[in-house]
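A.B. asks: Annotation comment: TrEMBL describes C:8-70 as domain 'V-ATPase proteolipid subunit C-like'. Under the heading site 'Reversibly protonated during proton transport', TrEMBL lists C:57. Residues or ranges marked as transmembrane segment in TrEMBL: C:12-36, C:48-73.
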């Protein structure tokens, strides 16, 4: 048995990256559901859509960053 | 017992890749639900559909990238 | 105790392949719910259905690919 336990941690962190995509999908999915129900209001909420995506995506990128740090910097 | 601990990490990272598909499915599913309810508004939201898919898919591809790095680069 | 740690990783990666099916099911399920409510609009959304399935399925196939690589290529 060889290898570094940090590599198991890197794989676990990547699960967090994928889990964040569930949040991103929830934001974009609900925007689409609402925008298709009331298209005239969609333009005014586009900024909110990107704010929601950005905050959820950031957490996934943090998890990806932890993966990279565990593989190459620790 | 043989093998490299990084291979366990690669398998864990692949879970993250699959989890991101839940987010992608949420985006596309809500678009379809709305577009079939109000087909005339669907064209205007196609760009938002692909933006949502792209952000969710990116996190899944990050997790897949971690898998590949753990198998072949670490 | 014998065996290769990569085989644990291959099994874990298969979880990701299964998780992606939740996303694919969400896309197809929402299409069916909408198409049965408004059958006349279903034809115009068939392309979107396959786009959504393809993006979600791709992430599951990536996880399956990681499984195969861990079993036969690493």
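Using N, Cα and C of the backbone, Cβ positions are placed for all residues, glycine too.
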A.B. asks: Please list, in sequence order, the residues in the chain of residue C:57 (site 'Reversibly protonated during proton transport') that are at least six apart in sequence and whose C-beta is under 8 Å away from its C-beta.
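C.D. replies: Those within reach of residue C:57 (site 'Reversibly protonated during proton transport'), by Cβ under 8 Å and sequence separation of 6 or more, are C:20, C:24.
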A.B. asks: Give me the mean pLDDT over the domain 'V-ATPase proteolipid subunit C-like' (C:8-70), rounded to a whole number.
C.D. replies: 96
A.B. asks: For the domain 'V-ATPase proteolipid subunit C-like' (C:8-70), jot down how many residues DSSP puts in helix, in strand and in coil.
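C.D. replies: Breakdown, helix to coil: 61 helix, 0 strand, 2 coil.
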